[in-house]
Amino acid sequence: MVHTFSFHQNLRIHISAAAAVSILGFLLKISLLEWTAILIAIFLVLVAEMVNTSIEEIINLVKEDHHERARIAKDAAAGMVLLATIFAVVIGLIVFIPYLK
């Protein structure tokens, strides 16, 4: 994880967003159930980003030239991160909007 954090900007962005959401959760004193939803969403995004990075690195190691199947695998892995991020945003909105009214 240290290597990914050091060399991949996307993970740093996700961790920064997770820190901001955590600070907001503490400031708004969200419930235990809300914390559970937020932490699951954060964990899902971080795991998806790590899996995406792993897939990309393995493909880059095995295939130096561009191959359609490699592109499809990389796109699918990136799509996984996108879906996890959308899920996390929706969870964040569901949890935080009532507190911000």
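Going from the start of the chain as shown, residues are counted 1 onward.
Cβ atoms here come from the backbone N, Cα and C positions, even for glycine.
Note: TrEMBL annotation is automatic and uncurated.
Listed in TrEMBL:
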type: ACT_SITE; residues: Glu49; note: active site, proton acceptor
type: BINDING; residues: Glu49; note: substrate binding site
type: BINDING; residues: Glu56, Lys74, Asp75; note: ATP binding site
type: BINDING; residues: Glu56; note: divalent metal cation binding site
type: TRANSMEM; residues: 12-30; note: transmembrane segment
type: TRANSMEM; residues: 76-100; note: transmembrane segment
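Each residue contributes its Cα atom, and for Glu49 (active site, proton acceptor) and Lys74 (ATP binding site) these two points are 12 Å apart.
Look at the recorded positions Glu49, Glu56 and count other Cβ atoms within 10 Å of each Cβ; Glu56 has the fewest.
Site extent for ATP: the farthest pair of Cα atoms among Glu56, Lys74, Asp75 sits 9 Å apart. Over all protein chains present, the Cβ of Asp75 (ATP binding site) has 10 other Cβ atoms lying within 10 Å.
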